């Protein structure tokens, strides 16, 4: 954190000789979920150099993440905003305002960070800051709270300088605050903490018979050491509820008792004996165990669950299970049905191992079952499947766009040539008429659509030369970067009339520039076409 503020001081120093202003950004945390960017801007609007605010939101749901940023042109205004707005109320909730630290390393290095625990419930962020501000400039101060806003009994204070943190630890550690002795020490990451050897004296036991007595339990555990207290949980009928507590004087005696008695038979049941835990600690442990087990099961099911569709509506879950049990042990089978209980034609089969699932896909995919071929694949989440389909569809659209743009823009591909597959027929080339302003404009009257024969791209040059040899080289010439199309012309006496009616042609004048060609009159074009076609028809006839 000291590095960050040194950079800010350096920025201020450099701005004195530059005309460009230096911006300062503040982090605003612990915001109420109802706070919007407008409300956040109004909260800091009294500072004239405020340029913008930003409320961070969840990308998928759009909900507020309860923190944001306020940007200033003046660092003095930013300092003033921290003094006035830190620990102030906004929409009924106390907010935190501190310098924004963009560099992750500066936030995580723990320089000047102090951990405080065993705090009274009355200690808030403001009270904790008042306790520590005399030791140096505080960058951040926070008391950990529950969801209902009550203090968890610990907090964090981060100083700008490491020396201030050492002074606070030496002065405030083991001091009394509201009749409670607080602990103040250097903050350490979980990975850096050395877990001390567990020492406990209180044991918890369960699976006790209903008629067990305190004297019987005391006699059972007295052999391990001096017992300070023993208590059995009883119901309204004064019968044991199945669990009890025993507290030893020596931690070593308690450890030996737990290791020895745990799992042994006492009465009609096997006892469980272990370290007594607080309710919150036990809930946290159970939550972590459940989460770990759930993640493990989810990972196994992710690759062991198969999706089956095109199932005959007459097939039952039992028949589906029996059919797929040939490949291994099935843990669950589910055939999807509508509200009337009729099969929808698809379901899921979960195997005990991924190998069995893969074997089932290879074995039963495409196999006939009750008169219908099955579709079998590894099951996917709806979100994963949707994303996969979107990617596939996007790739297809991109490929279609690239192919269509190549076929529309003149000059994109090499010219196409056509083979003469019909004897007695000759192919005449015509320019394609484009109505787009970017294309070559057609000034030919009575132009009409023409149906063209199948094309062969980039035919061999030999065929092309033979084909050109059949026509007058002066009459038919190739113009680059212009699309060419063909029309089959039968060798008849009406050849010239057909050509004249279609008003298509190619000639030397097509080599002129586009501007010259567009300026030609219709009469001149007709005359040129006639002059070019006459030698050709005379040669063929």
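Here the Cβ of each residue, glycine as well, is placed from N, Cα and C on the backbone.
Annotated features in TrEMBL:
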{"type": "DOMAIN", "residues": "24-102", "note": "domain 'RRM'"}
{"type": "DOMAIN", "residues": "112-189", "note": "domain 'RRM'"}
{"type": "DOMAIN", "residues": "201-278", "note": "domain 'RRM'"}
{"type": "DOMAIN", "residues": "304-381", "note": "domain 'RRM'"}
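According to DSSP, the secondary structure content of the domain 'RRM' (201-278) in residues is 22 helix, 30 strand, 26 coil. Applying DSSP to the domain 'RRM' (112-189) sorts its residues as follows: 22 helix, 30 strand, 26 coil.
Sorting the domain 'RRM' (24-102) by DSSP state (H, G, I as helix; E, B as strand; all else coil) yields 19 helix, 31 strand, 29 coil.
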